[in-house]
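Structure first, then comments.
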Amino acid sequence: MDKPYHVKFYSYNFPLPKPVVTAHGHWQRRRGLIVELTDQRGNRGRGEIAPLPWFGTEDLASATDFCRSLKGRITPAQIEKIGDRLPCCGFAFGSAEWELESGSVIENSPNSLSYCQLLPTGEAALDYLASNPQLGASTFKWKIGVGDFAVERDLYGQLWRRLPEGCQIRLDANGGLSVDIAQQWLTLLDRQRENSGPKIQYLEQPLPPGEIDEMFRLQEDFATSIALDEAVCSLAQLAQLYDKGWSGLYILKAAIMGNPRVLNHWLKTHPIPAIFSSVFETAIARGQVLALAQKWNLPDHAVGFAPLREPITEATPDSV
């Protein structure tokens, strides 16, 4: 019979360093839970529940109810059975157990990874570049699908001209484009591939997750790579798109994809061009996700995490 772990958990609540504006809306605060497991020998491991309900995960209230329902105890068998209904809880308890058993999920230093700088949305990106002439990254992401296409297209042209030659640009629509607008973006990006200057790396999630067939057609019709994000935010979705033959990139938000050991095992047997991405978690989940990225992130592609020079939030009990 499995010996239960003792469970402690607490909430956290902090403002994002810069509000994030996407096709999903405005996001200003990060709320979540930290769980701690202790076995009968005193070994401890921590994990983080960082919900992203607009990506289809459980919300914070459901995660809190689950943690309370445990009444301070959980067995390894229960951790295995958390399942897809509570993927963020699955990640937290799975990574805490992994850390407890191995001493640390991080087997290699993630310092060899390169990082991606998220630029402010809209015209604020130009102000950012003007006030930060010494850029600390060589890969940049800019959100689109938030405003009018013509305005964003013109802003992107200015942005492209101001970024240093040789850097990489990722455009992220968060599923906010129509097929027609996505085609116009891809036509523009394909044309830029022939020019010197910054290089477009990919267009991320141009269409809503339900429009998979249309995204397959876009991937076939244009040279610019398409990366799926909202469409592969669970392991079940990832496996389904892999079986269907998706030839583009996969953005993996591991902190919302369930038990990390299960994901790690799947990636061992399914080689895919994966790029690991942040959900604006604290240092706890960040380190655990970057440990997976160290193994499985596509070589020569930056992870979708802020550069190390930016402040990384440590998890402290919520006082709000």
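A Cβ is built for glycine as well, from the same backbone N, Cα and C atoms used for every other residue.
Among the candidates Asp148, Asp154, Asp172, Asp300, the one that Swiss-Prot lists alongside Glu204, Asp229 as binding Mg(2+) is Asp172.
Take the CB of Lys143 (active site, proton donor) and look out to 10 A: across all protein chains shown you find 25 other CB atoms.
In terms of Cα distance, the recorded positions that sit within 10 Å of Lys143 (active site, proton donor) are Asp172, chosen from Asp172, Asp229, Lys253. Summary: among the binding-site residues (Asp172, Glu204, Asp229), the fewest other C-beta atoms within 10 A of the C-beta are counted at Asp229. In the three-state DSSP scheme, Lys143 (active site, proton donor) falls into the strand class.
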